Amino acid sequence: MTSDNDRRRGLLARLRGRPVARSRGRRRLGAAVRLLAALMLAGGAYTVFAPGAQAQDNPPLSAAGNEGKALFDVSCVSCHGRNAQGVEGRGPSLIGVGAAAVEFQVSTGRMPMARQEAQAPRKPPQFTDEQVRQLAQYIQELGGGPQIPEGNLREGADLAAGGELFRINCSQCHAFGGGGGALSSGKYAPSLHPASDRQIYAAMLSGPQNMPVFGDNQLRPEQKADIIAYIQENLKQTQDQGGFNLGRYGPSTEGLAAFLIGIVALVFASLWIAGKS
Ligand code: HEC
Ligand code: HEC
């Protein structure tokens, strides 16, 4: 038996070009290394596959996260649940939606939602910028997710590239001029005119309602900067061509102003002509 085994091992060893007998110490060391590797693998696999380990045990929140939780518990909990896990028939889970989604929804006044409807409309926001950041921080700490980068979001942007990207990715819903348009079943793509840089970035990252998510694989951060610059510096400016910008109240104020100025000018002109004759 043993001699058989020895012979086989010798043969194998010769095939691999290794010395025949390994010392017992080295063999024991090898076993220990293998055991350690197996343990580490199992540990790693557990942390990767353990169900919702992040969401379950409550990690301590930062100061801002705590402030955010306090606001959340008053204004959002009725629809999104005690730990933002969602409430059947009232509001979806916010675990993993990220700070970007919260900042988008709350800073555009869409949330807190006033009543159940097909699509929460833009409203005057109910929270200050700081409170918005705190709510966003809380949801971020609960479940992670996409975040808006800090700093200038139009850094080194290329307007021409932005226009191209906008026409390919955005204009089918928001129209070439960014004015928005109707979608199916009572939903709509809103006008982009009220949106700030951060709101545009957040909309792309979070894909609210029927809007697709434009993650960093679909549109790199530089491309997002190009699009933001195009919307803010080109689309909104070209919309204003066509006369004085009277506080952007639209064509009716401009028409009224033109009418009044025209009438007054006509009156003076006719008085002048009458005085001459
Ligand atoms: C009256 C119920 C209601 C209240 C109150 C409410 N929500 Fe919502 N929320 C909804 C519903 C319904 C949706 C999904 C529909 C939609 O996206 O328009 C939603 C969607 C969201 C989303 C988007 C989730 C995603 O997948 O992108 C965020 C973020 C959010 N709410 C945050 C908040 C925060 C923060 C508050 C408190 C300041 C709040 N909501 C208050 C009902 C509510
Ligand atoms: C399939 C249609 C669709 C496409 C494509 C699309 N969007 Fe949207 N977008 C929407 C809808 C629908 C909403 C409204 C979401 C809501 O009200 O919750 C929206 C909302 C927005 C808003 C928020 C406007 C506000 O009220 O402040 C911005 C900004 C925006 N989109 C930018 C973009 C940009 C930039 C692109 C291209 C990269 C794009 N969208 C592509 C459908 C679309």
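Each position is counted from 1, following the chain as shown.
For all residues, glycine too, the Cβ spot is worked out from N, Cα and C.
Record features, source TrEMBL:
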BINDING   CYS76, CYS79, HIS80  heme c 1 binding site
BINDING   CYS170, CYS173, HIS174  heme c 2 binding site
DOMAIN    63-143  domain 'Cytochrome c'
DOMAIN    157-235  domain 'Cytochrome c'
TRANSMEM  255-274  transmembrane segment
Show which residues of the chain containing CYS170 (heme c 2 binding site), separated from it by at least 6 in sequence, have their CB under 8 Å from its CB.
GLY178, ILE227
Identify which of the following binding-site residues, namely CYS76, CYS79, CYS170, CYS173, HIS174, place a Cβ less than 6 Å away from any atom of ligand 1, and list them by sequence position.
CYS76, CYS79
In the predicted model, what is the mean pLDDT computed over the domain 'Cytochrome c' (63-143)?
95
Between CYS173 (heme c 2 binding site) and CYS76 (heme c 1 binding site), how many Å separate their Cα atoms?
29
Under 8 Å Cβ-Cβ from CYS76 (heme c 1 binding site), six or more apart in the same chain: what's there?
ALA84, GLY91, MET111, PRO112, LEU135
CB contacts for CYS173 (heme c 2 binding site) [other CB atoms within 10 A, all chains]:
16
Hey, how far is HIS174 (heme c 2 binding site) from HIS80 (heme c 1 binding site), Cα to Cα, in Å?
29
